[in-house]
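Undergrad: Straight out of TrEMBL:
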type	residues	note
SIGNAL	1-16	signal peptide
DOMAIN	23-288	domain 'NADH:quinone oxidoreductase/Mrp antiporter transmembrane'
TRANSMEM	57-76	transmembrane segment
TRANSMEM	96-115	transmembrane segment
TRANSMEM	152-171	transmembrane segment
TRANSMEM	202-219	transmembrane segment
TRANSMEM	240-261	transmembrane segment
TRANSMEM	273-294	transmembrane segment
DOMAIN	290-344	domain 'NADH dehydrogenase subunit 2 C-terminal'
TRANSMEM	324-347	transmembrane segment
Amino acid sequence: MSPLVLSILMSSLALGTVITASSHHWLLAWMGLEINTLAIIPLMAKMHHPRAIEAATKYFITQAAASAVILFSSTTNAWTTGEWDIMNLTSHLSTTTLLMAILMKLGVAPFHFWLPEVLQGIDLTTGLILSTWQKLAPMALLIQVSPNLNPQLLFISGIISTMIGGWGGLNQTQLRKIMAYSSIAHLGWMMVALTISPQLTTLNLIIYIIMTTAMFLTLKMLSSTKISTLSSSWQKTPTLAAMSTLTLLSMGGLPPLTGFMPKWLILQEMTKQSATILATMMALSALLSLFFYIRLTYTMTLTTHPNTTPSTQVWRFSTTQPKLLLMASATASVALLPSTPLLLSILP
């Protein structure tokens, strides 16, 4: 892909997200989501592989259906209230259909079926964009309308997402599918946090983006798409393997790593609101996700790749990929827990 086309597509991605996040009119928000969708589809299909074309087609159909439902929801609300303002969402039909559409765009259960298949069919760089940047616009819309949404539906979808995200990743050997189920589980925590505190949802989203960025960049650096290929990472780059191990444990929510922070705050708020049984279910579902994260760390650090050559020297080309973003995101995904009070005071 030529640099000019790539810059146009990346600029369109940024423009669509900014339009949706800053709009007060339903049609502008819908337009931003459409720009986002249309800008990433060429990035998905750029490999000219049947699996990539299939992934781009599935993504387009799903996102187009969700956008149509959003347009129907906003039109119904405008018909009822006489206004197109995003904050003026009062119709019960509009709130329910809008919630379903945004959950479909994000890939939250029970509308998650497209996400593992699409992520498996695209390359790691586009998968990183799909797992991080493409969540910003729908999440901004969801946070804006959260006071008008049904909290029971959010709770149910959040708990189902954490369960499915944990169960679905247990039997996977493809790293991109594991990252997809990890995304579903993290989005479930965000849905539950949205019913309690939008501030916690924003914090969870930021930390999720940091950890997912670090993990995708690590996999791209190692050129790994399957679990079996991770076993040679310790011999190649022991420092990177150690940092990615800590990143995986942070994604699982182990203290004293960064990923423990949002889970701890969400469970604390749920306990304060006497939702102890739901908090226990969420904590147990986090153990399911932790199992396949530990499985990946075991493969990276405690298994040795079969080496049939008599040489002990690992010969390979030096990578040309930029390392600064990987270093910054890996460090942030491990060491931000002590700054929890500062982050809570900064967030609106």
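Cβ atoms are placed via backbone N, Cα and C, with glycine included.
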Undergrad: As a test: from 57-76, 152-171, 240-261, 273-294, pick the stretch that has the greatest number of Cβ pairs under 8 Å with the transmembrane segment (324-347).
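TA: Looking at each of 57-76, 152-171, 240-261, 273-294 in turn, the most contacts to the transmembrane segment (324-347) are made by 240-261.
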Undergrad: Averaged over the domain 'NADH dehydrogenase subunit 2 C-terminal' (290-344), what pLDDT does the prediction give?
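TA: 78, rounded to a whole number.
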